[in-house]
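Asks: There's a structure below that I have some questions on.
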Amino acid sequence: MEEAEAAKAAVTDSLLSGACVLFTLAMFSTGLSDLRHMRLSRSVDSVQFLPFLTTDVNNLSWLSYGGLKGDWTLILVNAVGAALQTLYMLTYLYYVPRKGPALLQTVALLGVLLLGYCYFQLLVPDPGVRLQQLGLFCSFFTISMYLSPMADLAKIIQTQSTKCLSYPLTVATLLTSSAWTLYGLRLHDLYITVPNVPGIVTSLMRLWLFRRYPPTHDRAYRPLQA
């Protein structure tokens, strides 16, 4: 009986882990349309650099958390995510005429990462405390990323247009947030569960906006925003 329960638990863990990997990589790959646009047009028109940068920092933070915890699902997803975001960033920097602002943003956030690394390595020697504090940082950063697009809510309602939103990315974010919420609950890890709940809420709000203000049939390129 115990062996059957253990086998069932292992299958559940594998399915949740696979769902997290699949949905998260699908969400990260939505940026490929931005990449294609930059390469074909040889410009960065309508493409935003900051979402690539903040997602990259978020991936690197969760990669550190996963490595410290020994969670290979977190490690795999965020390693691939960081590689993709870095590719998007390098492509943007290659085509953007004025590289100064983007480079300044990159240096600033990399400086924050470096300070964080030094803090955890030098001032937090206990692995358990380090894991808790790093998890707290990752949670706050992820929550801020999920909530930041809501600043456009008033603009969308005022213009009655959802052109600035991406429907595929909204669906991918909903599936990804739901999978990670269940994964965190399964592991009893609040640092994974809590920050993904706002992702579910904001995705549902955006889906409502798409239903309230259906997009036009304009096939022109539209930037993807988280």
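Keep in mind that glycine also has a Cβ here, set from the backbone N, Cα and C atoms.
Unlike curated records, TrEMBL annotations are generated automatically.
Straight from TrEMBL, here's the annotation block:
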type: TRANSMEM; residues: 15-35; note: transmembrane segment
type: TRANSMEM; residues: 72-95; note: transmembrane segment
type: TRANSMEM; residues: 102-122; note: transmembrane segment
type: TRANSMEM; residues: 134-153; note: transmembrane segment
type: TRANSMEM; residues: 165-184; note: transmembrane segment
type: TRANSMEM; residues: 190-209; note: transmembrane segment
Asks: Find the member of 102-122, 165-184, 190-209 that has more C-beta pairs under 8 Å to the transmembrane segment (134-153) than any other listed stretch.
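Replies: Per the Cβ under 8 Å count, 190-209.
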Asks: In the same chain, who gets a Cβ under 8 Å from the transmembrane segment (72-95) while lying at least 6 residues past its ends?
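Replies: Counting only partners 6 or more residues beyond its ends, the transmembrane segment (72-95) has Cβ contacts under 8 Å with 17, 20-21, 24-25, 28-29, 31, 34-35, 38-39, 42-44, 47, 49, 52-53, 55-56, 59-60, 62-63, 65-66, 102-103, 106, 183.
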Asks: Do any residues, 6 or more residues outside the transmembrane segment (15-35), come within under 8 Å Cβ-to-Cβ of it, and if so which ones?
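Replies: Contacts with the transmembrane segment (15-35): 47, 52, 55, 73, 76-77, 80-81, 84-85, 87-88, 91, 166, 168-169, 172-173, 175-176, 179-180, 182-183, 186, 221, 223-224.
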